[in-house]
Amino acid sequence: MKGKPRGEITCPEFRHRHQTTQVKRDRPQQSSRASHQATPLYERLHPAQHPFPFPPASMTFGKLLDPSAWALSIKSKGKTSASNSGASSDSEAEQGRRRPLLSDIDGDNRVSPELTTRRSYGATENHAGRDDYFGMASRTESPETYRRNSLLAKVVEDEALDDEEDEEALLAEKGLFIGSYRQYVLLYTIVPLTTFLFWLFFALLPSLIWHTPSPTSPPQPRYFPTPLPELLTAISLWALSYLLSEPLYAFFSLLLPLTPAVLLSTAAHVLLRNLLRLAALPILLLRHYMDWPHPTYHDPVFRRVWWLALGWSLAEVAVGIAQGYAQLALYRDVLVPEERVQDLLESWRRPATPVPVNGRARGQSLDASPPAQFLHPNLGSSSHAGSTHDSSLPRTTDGDVEGRPCVTMSRLPSEAELRLEVDKDVDELVLLKTREELEELYGIPVIFIPVFISCLLRIASVVLSLGFTLLLSAAYLSAPISLSLSPHTLLAFIAPPVQRVAHIPLYDSNRAFYITFALVFLLHFFLSVLHTPVLLPRIGVHVVAYLGFLVGLGTVFAGLGLWDALS
């Protein structure tokens, strides 16, 4: 860069160096041929791909890099090189070899916004057509990308993990999964055991915390002791609501599209369940057996309401656990034990050998038999069609499959055998469709759901049933609607005669009851919508489990507060 020095140089030694440098700058430049010979070979071949494109030393020595000052220096160098027309090619080669680090500078001496954009941690930005250091194409890379693109060799653990992931991906393409059916069943047994322990804890909780007096003897003897009528009534009403769920969905699906049908059928089913939950209170005539004018834990009716909630939750949990075992049984034929994974992969890699006419010798090993995909090419075309691989194979005692028996061509199959094979293939397709529907509902295969999440779902059912029943019963028994039983109604005709209490309800109107019922309906509808295919695959089953448990705890404490059990 020509021009006057910025300051007067007083030191003789530095003055001599400055004069020598100035004389060298004023000398005419060498010919292009000499400069071309002095240029190294790799720079002559690729002048624009210098491995270290740093700025000149005068711009970086003793101070930080200033992009604007650098742009001015490049502009002044361009003007100086224009005066030396004989050495234009050398200056271009020199500028090509000394390509600046910040190459995106516009004509107004301003840095391009692309370089000044603030990036977040771990963000990546790919520049197509650019060559950064060592050929990497990412200016800002995440730690995971940097680890994978590093020049260091991978550790053994990473290679083993990649091999396992490749095996799982290859089996998933065929519709198979690694694991043993017996292990999954034994692991899922934790769910009913844990749920039963929690249910037993809630059953003993009133006797441990709230010491209520013994209930007064009614004027008419009761047919069963206290827990049985409440448990049987709650289980019967829940079973009725469960049986009506499918007809409700079928009715709305005939009239509306999928999403509105799911939402409206869910709302109707939630309304039906809460009405049936509330119907257990007048069926058992709890308001007429109350010893207190308002709901309180001192009243013996509190325990009966508690047992109603536990009976409702018992039916719901039992059906949920049974459904869990049924869903695991769908994967019985597509689970491959870990010790057989390598043999199965090797059998896929080997070319298919033609089956002899007379079949296989008795002493021939099972590994020589072709996989079921080669026997059923039409079923193996889809991504999940490989689930038929082990479905037609004989199973061992733990549900694992063994090698396929020999396919002999000595005689034609009979009509009964063909019908049996067709029925078996139809059953396999039905199982395949059911697995796909479950995977679409949950977002992942059912066997991949952790056991802890399954336990939390069942415990959340118990807590929600208890909380909703306490809220509805407290609001109902405090409203005048609970005493509106006419002697001419069917319920009064069936129920045994009881002595009417003269207790005045806590509230003069039914407004508090309607508000409580609406809030319970909205909470229940919100949680039920989360279990539908509209939202469950998007948010995940674990979020639904945590949210249901937290909402259940809130409703339990709110219900206990209405029954004065927290004081």
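Just so it is clear, glycine is given a Cβ too, placed from its N, Cα and C backbone atoms.
Taken verbatim from TrEMBL:
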REGION    1-54  region 'Disordered'
COMPBIAS  29-38  compositional bias 'Polar residues'
REGION    77-141  region 'Disordered'
COMPBIAS  79-90  compositional bias 'Low complexity'
TRANSMEM  184-211  transmembrane segment
TRANSMEM  305-326  transmembrane segment
REGION    377-406  region 'Disordered'
COMPBIAS  380-391  compositional bias 'Low complexity'
TRANSMEM  441-460  transmembrane segment
TRANSMEM  466-491  transmembrane segment
TRANSMEM  512-531  transmembrane segment
TRANSMEM  543-563  transmembrane segment
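In this chain, the transmembrane segment (543-563) does not touch the transmembrane segment (184-211); fewer than three CB pairs sit within less than 8 A of each other, excluding pairs fewer than 6 residues apart. Counted over residue pairs separated by six or more positions, the transmembrane segment (543-563) shares at least 3 Cβ pairs under 8 angstroms with the transmembrane segment (441-460), which defines the two as touching.
Below 8 angstroms of C-beta separation, residues 185, 188, 191-192, 195, 199, 202-203, 206, 226-227, 230-235, 237-239, 242, 277, 280-281, 284, 286, 454, 457-458, 461-462, 464-466, 468-470, 473 of the same chain, each at least six residues beyond the ends of the transmembrane segment (305-326), sit close to that stretch.
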